[in-house]
Ligand code: PHE
Ligand code: NA
């Protein structure tokens, strides 16, 4: 059967969760919001909100045993066919995949150029980065093609032979590289500074924006609201303990984000560089620091960017699976056909995204003051993911048989856990996300 083993599921779901969100985004957002207090809020957001939705998606998938649309229908009290519209979230995953693949392409470029030399000054590093994304269209298309090709090559083989296998190889390697880098950062004087930066809360830095950023990051990092966890769970044997599995994945994802943060802040503080560089933190600040460390710095740079690629590939693979399953089950396509179809869609969207950042096509591909690339990011993480998460919670909280859900929880946990989760899923989480959504849209 094409199903995950329990450990295979945990690795694959962790592979999906652990990605650029952990190693690139978490450190720079933490830096922007001043460290400790943000980390604390982020951890609370993971524990109460992220984990609640993660478990929700796991339950729908594991008991629906089908693509997103059919799983919603199967599980609803009335088997109402209209729940098929919940399947819109697979589109979100495909859009994210389009620009995620482009960013992985940048990283590929960083691996290759790190072999020859590293920029010695922030100015040069900034200019290199700028040139890459706005000028080197041909290179970017090649990198995007390599990444997209790898994703297609992996998923075409299916759950067991493709996805599970790749995660079995790449996740341990990723852990190995990160542990190596962590041990190295232990040896730096600034390690203790990094620790106190990340774990001493300074609440003066926290405002509404920080709260919303923490919540948004909790969603993105756990791969929620795009049907990915739901679809992976649909290949989880029914008797597997969904609760424990969810907790393991959340712990792994959080641990890796914290480790990535410690490594990066140790490096930054060692060089006296600011922690507030934003998205350029990894692409501009780090290479300059590595360059001061000579050949050793090159080795570290290359290992670091390889870790990013490994983390990202296992996430990318998970983003296409919801649409594959949708076309295979609802349109009776073969896996190969579905992969070619969905692969072409995200490949072409990715090309448009990368062109939209270039000097040559940038103006044509800018709408509402945003490049197509930024628009894709904005539409997915600000609008589509939160809507899907709200829908998922309301669905479980009000349209699925309560006794059925209670039974599932009792089997693996206890009534207290069920009651807490049920309350979060019905009220707290949908309300929290609605506030997030309205605020981001400027309504409140
Ligand atoms: N969780 C991934 C990360 O942290 C991103 C992701 C989002 C993966 C949505 C799958 C689906 O990078
Ligand atoms: Na993540």
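Backbone N, Cα and C define each Cβ position, glycine as well.
Annotations in TrEMBL come from automatic prediction, not curation.
Not measured: the values here are computed from a predicted model.
Range 35-56 is the one annotated as transmembrane segment, of 13-34, 35-56 (source: TrEMBL). Segment contact holds for the transmembrane segment (289-317) and the transmembrane segment (85-108), given three or more CB pairs below 8 angstroms at sequence separation of 6 or more.
Here the transmembrane segment (246-269) does not lie next to the transmembrane segment (137-156) in space: the count of CB pairs under 8 Å, restricted to residues six or more apart, is fewer than 3. Between the transmembrane segment (421-438) and the stretches 85-108, 168-188, 208-234, 338-358, it is 208-234 that has the most C-beta pairs under 8 angstroms. Using a Cβ-Cβ cut-off under 8 Å and counting only residues 6 or more beyond its ends in the same chain, the transmembrane segment (338-358) has close neighbours at 94-95, 97-99, 101-102, 105, 133-135, 137, 140-141, 144-145, 148, 151-152, 155-156, 320, 323-324, 327-328, 331, 365-366, 371-373, 376.
By the Cβ criterion (distance under 8 Å, sequence gap of 6 or more), the transmembrane segment (85-108) is not counted as touching the transmembrane segment (35-56), fewer than 3 such pairs being found.
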